[in-house]
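The feature Zn(2+) 1 binding site is assigned by Swiss-Prot to Cys71, Cys74, His97, Cys100, with sequence analysis given as support. Per Swiss-Prot, Zn(2+) 2 binding site is recorded for Cys87, Cys89, Cys113, Cys116, and the stated evidence type is sequence analysis. The transmembrane segment annotation in Swiss-Prot covers 145-165, 180-200. Per Swiss-Prot, the feature zinc finger maps to 63-123.
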Amino acid sequence: MTTSRCSHLPEVLPDCTSSAAPVVKTVEDCGSLVNGQPQYVMQVSAKDGQLLSTVVRTLATQSPFNDRPMCRICHEGSSQEDLLSPCECTGTLGTIHRSCLEHWLSSSNTSYCELCHFRFAVERKPRPLVEWLRNPGPQHEKRTLFGDMVCFLFITPLATISGWLCLRGAVDHLHFSSRLEAVGLIALTVALFTIYLFWTLRRYGHQSKPFWNQSSRS
């Protein structure tokens, strides 16, 4: 059976009645019982035929209670938090909790509704540095961060001492009228600090991009 009625899904943002991304639901009887209730399988497909989700539900979930407004992400009502209609989606897909919306936008790293493509007014706020260091992310990112910190602690004093020795040698050569050697040492010092700053900025940008993107949005 195929129908055009909107549905809400537990794992992906459900579709709504908009021409941007129409959804087709195919309901099939799977012939099994759960707590004495028959089940059906609902497959939700996008316009291009891509399968978005397969949901197994019991017929008991189809009750007048489910007609109440609920959040399309967590499927909870407005008892704990008010429901908002921030985008152009309608029906059961048009209401959502603010906290659920912020968490969804943060996880997907987007600033628009993926159903109706309405663009939200998003303000990105970087996470506090202490929280960033405490929870840097997955295990491989933690290892990368630890390696970069060790390299930084090792290279920084090495670059500082090397630069100081080069400048000291350049001053000594100037006193002995060896300008060519002095210019060479000064150029070496400049190149050393340029490479050091370039490496530091590159590593900082690489580490901060995935972590600081996990921001609070409003």
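Cβ atoms here come from the backbone N, Cα and C positions, even for glycine.
Annotated features taken from Swiss-Prot, shown on the structure.
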residue	record	contacts (Cβ under 8 Å, 6+ apart)
Cys71	Zn(2+) 1 binding site	Gly77, Leu83, Thr95, Ile96, His97, Cys100
Cys74	Zn(2+) 1 binding site	His97, Cys100
Cys87	Zn(2+) 2 binding site	Gly94, Cys113, Leu115, Cys116, Phe118, Phe120
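Non-local neighbours of the transmembrane segment (180-200) in the same chain are 152, 155-156, 159, 162-163, 166-167, 169-171, 173-174; each lies 6+ residues outside the stretch with a CB under 8 Å from one of its CB atoms.
Close to the recorded Zn(2+) 1 site, the chain also has Arg72, Ile73, His75, Glu76, Glu81, Leu83, Ile96, Ser99, Leu101: residues not among Cys71, Cys74, His97, Cys100 whose Cβ is within 8 Å of the site's Cβ mean position. Taking DSSP states H, G and I as helix and E and B as strand, the zinc finger (63-123) has 18 helix, 6 strand, 37 coil. A mean pLDDT of 81 is what the model gives for the zinc finger (63-123).
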